[in-house]
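*Asks:* For reference, the structure I am asking about is given below.
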Amino acid sequence: MVLPFIHEPFTDFKDETNQKEFEAALKKVKSELGKDYPLVINGEKIYTDDKLVSVNPSNKNQVVGSVSKATTQHVDQAMKAANEALKTWRTWTPEERAEVLYRAAAIVRRRKHEFSAWLVYDAGKPWDQADGDTAEGIDFMEYYAREMVELGKGKEINDRVGENNTYFYQPMGPGVTIPPWNFAFAIVCGTTVAPIVAGNPVLLKPSENTPVIAYKLVEALEEAGLPKGVLSFVPGDPKEIGDYLVDHPQTHFVNFTGSRATGVRIMERAAKVQEGQNFLKRVVAEMGGKDTIIVDNDADLDLAADSIVNSAFGFSGQKCSACSRAIIHKDVYDEVLEKSIELTKALTVGNTSEDNVYMGPVVNQKQLEKIRDYIEVGKDEGVLAYGGETDDSEGYFVHPTIFKDLDPKARIMQEEIFGPVVGFTKAENFDELLDIANNTEYGLTGAVISNNRSHLNRARYEFHVGNLYFNRGCTAAIVGYQPFGGFKMSGTDSKAGGPDYLQHFLEAKTVTEKF
Ligand SMILES: NC(=O)c1ccc[n+]([C@@H]2O[C@H](COP(=O)([O-])OP(=O)(O)OC[C@H]3O[C@@H](n4cnc5c(N)ncnc54)[C@H](O)[C@@H]3O)[C@@H](O)[C@H]2O)c1
Ligand SMILES: N[C@@H](CCC=O)C(=O)O
């Protein structure tokens, strides 16, 4: 019997035994650094001369692994294999497909610390963040498997006298998954296994920043019994194969998560019907955020500061959900700012592959330089209240940074920075708090810290974000509990980890029989 879904528990790193076990996993992974990883097409491992080289963001001289790069010819081979695999994979029952995911989840759960340790090296994640990332990947497999079994039953519709009507779901055909690097296991896993359990073969092109942990997912699914050709692993330079994957006439869907710029490009390209294409492509595009926590005058100010600091600086602000704007009622502005600075002073920053620190590095040199530039912009636009330092001598470190007294229209209050930088702005009253919260082109996450019930009720309908939280931070959605996805230029609101998600990769069919 399949047990009901509950989310994977997180590891308590205050427990010494857990710490020791995690250190052992880091040591094991360290002994495996520097290996070569292949493409996987139709079950065949293919090594190419041209490689993506992943380095540890905490220590840029340490090579995590070298991953073969796919060419457009490899994409054609993978698409051919996917079309062939579709013929049988679509005939597996939803239960049989779900079982592959249950087995893969069990494989990853048994080796949870090892997967998290790969995330520490490949993405620079702090231990608790890596642990959360692995747990979320397990959750996606467990949750989507159960959802597919439910959807496999179809839906009740009405019959009339002399007429029987049925309504059920079927796979669409092969498609492409293009994930980001920041949830290098969870999002890669969720966006890959959802279309697969729905019966569609997938070509997975991981981020060039984190291809090694993505390969570990492919291995786990293979070990769990996923038939060859159902998942092809085609890492590569997005400039060489990105458009090709999206434009391919056999690509039925693109399951994308990443920046606004890439998402919009994919949306536009996928809309064009290519020669030989006799269907419309579907695009799921989950994109960036400029996420806000608003603090009312009647609020728990310690909770406010804690929510702002942890949402802004957890994983160095490299979450689409990260709080990068704190909009505070003028009566409590100084106090919340002061408390936030005090909490920030206590945060530790360092090499996550050596120590259990709060914050590690940002992902690469380009990102460090982008954040450094925004810190300079912030100094012109507002007042640097705390932090501002960067250090790229060994790894890509940016210290937690707070700006105060910003104009709500300032660039650092409008543009996604994707780093540990948060801007504070003052508002006169609750109307203005909401107006400022809604004044960006994004609409992903937000939070309201308030004890005023009528204000919370207004925010429920007037704060335009896909994931809204009351009296807590604005990050850390859990699969099955907080389906995730944004409004406006944050994307297509696909609600990953929610009950509607699999329908993006299914065709609904109605059959009517007259008696
Ligand atoms: N809304 C969400 O659920 C969510 C979740 C995580 C991250 N994000 C967003 O992702 C961004 C960070 O991720 P990133 O830096 O990897 O984003 P990115 O857009 O640079 O890359 C995302 C993926 O797209 C690929 N890509 C790049 N150019 C392409 C092209 N022309 N054609 C096809 N593929 C292409 C990349 O190789 C990568 O795999 C941030 O904006 C963040 O907010 C959003
Ligand atoms: N789902 C994650 C964010 C994913 C984007 O980076 C959260 O809720 O914090």
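Cβ atoms here come from the backbone N, Cα and C positions, even for glycine.
Whatever TrEMBL says is automated annotation, not expert-curated.
The feature active site is assigned by TrEMBL to GLU286, CYS320. Look at TrEMBL and you will find 51-511 tagged as domain 'Aldehyde dehydrogenase'.
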*Asks:* Relative to the Cβ of GLU286 (active site), which residues of the same chain, six or more apart in sequence, are found under 8 Å away?
*Replies:* PHE256, THR257, GLY258, GLY263, CYS320, PHE484, GLY485, GLY486, SER490, GLY491, THR492, SER494, ALA496
*Asks:* Quick one: give me the count of other CB atoms within 10 A of the CB of CYS320 (active site).
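*Replies:* So the number of other Cβ atoms within 10 Å of CYS320 (active site) is 28.
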*Asks:* According to DSSP, does GLU286 (active site) fall in a helix, a strand, or coil?
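*Replies:* In three-state terms, GLU286 (active site) counts as strand.
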